[in-house]
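*Asks:* Here's the feature list from TrEMBL:
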DOMAIN    1-162  domain 'Hcy-binding'
BINDING   CYS65, CYS147, CYS148  Zn(2+) binding site
REGION    207-256  region 'Disordered'
COMPBIAS  226-249  compositional bias 'Basic and acidic residues'
Amino acid sequence: LPPLDGYKCLNTGILERLNAGEIVIGDGGFVFALEKRGYVKAGPWTPEATVTHPEAGAQIVGVNCHFDPLTCVKTVKMMKEGVEKAGLKAHYMVQPLAYHTPDCNCQGFIDLPEFPFALEPRILTRWDMHQYAREAYNAGIHYIGGCCGYEPYHIRAVSEELAPERGFLPAASEKHGLWGAGLEMHTKPWVRARSRREYWENIRPASGRPKCPSLSTPESWGVTKGHSDLLQHKEATSTQEMKHVLEKQKKVKSSA
């Protein structure tokens, strides 16, 4: 739906917008803001939760964070199957990471050794975001956003991919040419040859890091929600506690 008088739709509730058939482009901040205000509660998000308890009555079903876009889209597809099998209806939402995480285990990117300060080599390109947006829409997901790692140009790419369905381009599209069209003005002919969708859809970007592996080994400590090691502290970790953590880290790595 095209925006009326600018962005009046921002004053409309999320359910009203989805019920009206709008494709909503969001970011992780939306979910976190809802949680802070008490409208949503963190908890089980796996497909099993939806399939086992579809009668819970949620009007919007989806996933947020911890895994890459295509993994999250696949997960929402499983949720959708569970809801439909139960004869129920819901809207679907997805807000994944902006990082490639094919090597994650069940806890997601928090177990990767690069988390949280060396994840940049995993960042998705704007062209990856186009693919994600199309996959999500084709899966029947109408709230399509992002969480950790997303930058404005990522959300712009999602919006641009779905512009035909939404009826308008995002305002930021005025700042560049779609699918590299601005490269038509480049002085180098081999760069001008890249000013087309086919080139960027098929690019296989290199990392430029010859000594780095393509995949990592997640740190599987074998602890999850409820374990004493995961209790939140009010004060900084003590020297003794840090010693314990480092010893456990060494043990886990030696047994990997």
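Positions of Cβ are set from backbone N, Cα and C atoms, glycine also.
Annotations in TrEMBL come from automatic prediction, not curation.
How buried are the listed features, and what sits near them?
*Replies:* With DSSP classes pooled into helix, strand and coil, the tally for the region 'Disordered' (207-256) is 20 helix, 0 strand, 30 coil.
Long-range Cβ contacts of the compositional bias 'Basic and acidic residues' (226-249) within its own chain (Cβ-Cβ under 8 Å, at least 6 residues beyond either end) map to 219.
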*Asks:* Using a 10 Å cut-off on Cβ-Cβ distances across all protein chains shown, tell me which of the binding-site residues (CYS65, CYS147, CYS148) has the largest neighbour count.
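*Replies:* By the 10 Å Cβ neighbour count, CYS147 comes out on top.
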